[in-house]
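Shown next, in structure tokens, is the structure this report addresses.
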Amino acid sequence: MAMITSRRAAAPCKAQATRRSRVMSVVRAAAVSSEVPDMNKRNIMNLILLGGASLPVGSLALGYGAFFVPPSSGGGSGGQAAKDALGNDIKANAWLATHQKGDRSLSQGLKGDPTYLIVTADGTIEKYGLNAVCTHLGCVVPWVAAENKFKCPCHGSQYNAEGKVVRGPAPLSLALAHCDVQEDGLVTFSTWSETDFRTGLEPWWA
């Protein structure tokens with residue numbers, strides 16, 4: 001009888017011990033689970049952070065793009081006064097006094113397009129101007145004096161000193177415009193509709 005009573009008393013103790021063991025296992029598992037990062041939550045946070053970070057970058061890119069896209073492209077009809085960065089008419093003497101031989105600087109040309117005025121080797125204004133709009137996707141192409149060429153910052157197209165395309169993806173040379181100095185010294189642009197002297201072909205912009 002004593003043995004039976006002892007066994008009966010021990011049974012509840014074992015059951016309690018088993019329950020405690022299970023409870024402890026659940027607690028440990030919960031603790032470990034809380035320490036392991038939830039991949040779904042991490043992915044969501046990464047997307048949020050990426051989206052937030054992309055906003056200022058996107059705005060910057062848009063601002064940059066807008067700077068290089070001109071208001072229009074191609075030539076116009078009739079003569080038009082060339083204008084400087086402030087919108088003032090350009091006079092030949094004043095321009096030559098501040099621009100050296102070989103200089104290529106932007107002015108406002110036909111239809112308001114950015115157009116290069118060229119100073120020749122003998123110190124006069126060249127008889128033609130170059131529309132600065134890239135023939136690929138319309139970026140304004142800077143003149144790189146150190147390399148004696150125009151290089152597009154958008155997709156790498158290049159043009160020689162006369163605006164002839166020498167490297168793509170631009171398919172065509174820069175558009176030409178006649179450039180003349182009037183009797184009063186005013187510099188004017190007019191449409192170039194003759195053969196393109198650089199290629200021997202009809203002007204694609206006319």
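One is the number of the first residue shown, and numbering goes on along the chain from there.
Cβ coordinates are placed from backbone N, Cα and C, and glycine is handled just like the others.
Annotated transit peptide per Swiss-Prot: 1-29, in sequence order, evidence recorded as similarity to another entry.
Residues annotated as transmembrane segment in Swiss-Prot, with sequence analysis given as evidence: 48-68.
Shown for the domain 'Rieske' (92-188): DSSP residue counts in helix, strand and coil, namely 13 helix, 37 strand, 47 coil. Annotation source Swiss-Prot lists domain 'Rieske' at 92-188, citing sequence analysis.
The [2Fe-2S] cluster binding site annotation in Swiss-Prot covers Cys134, His136, Cys152, His155 and is backed by sequence analysis. Around His155 ([2Fe-2S] cluster binding site), the same-chain residues at least 6 positions away in sequence with a Cβ under 8 Å from its Cβ are Cys134, His136, Leu137, Cys139, Pro169, Ala170.
All protein chains considered, the CB of Cys139 (disulfide bond) has 20 other CB atoms within 10 Å. Residues or ranges marked as disulfide bond in Swiss-Prot (evidence: sequence analysis): Cys139-Cys154.
The most densely surrounded of the recorded positions Cys134, Cys152, Cys154, judged by C-beta neighbours within 10 angstroms, is Cys134. Around the Cβ of His136 ([2Fe-2S] cluster binding site), 18 further Cβ atoms fall within 10 Å across all displayed protein chains.
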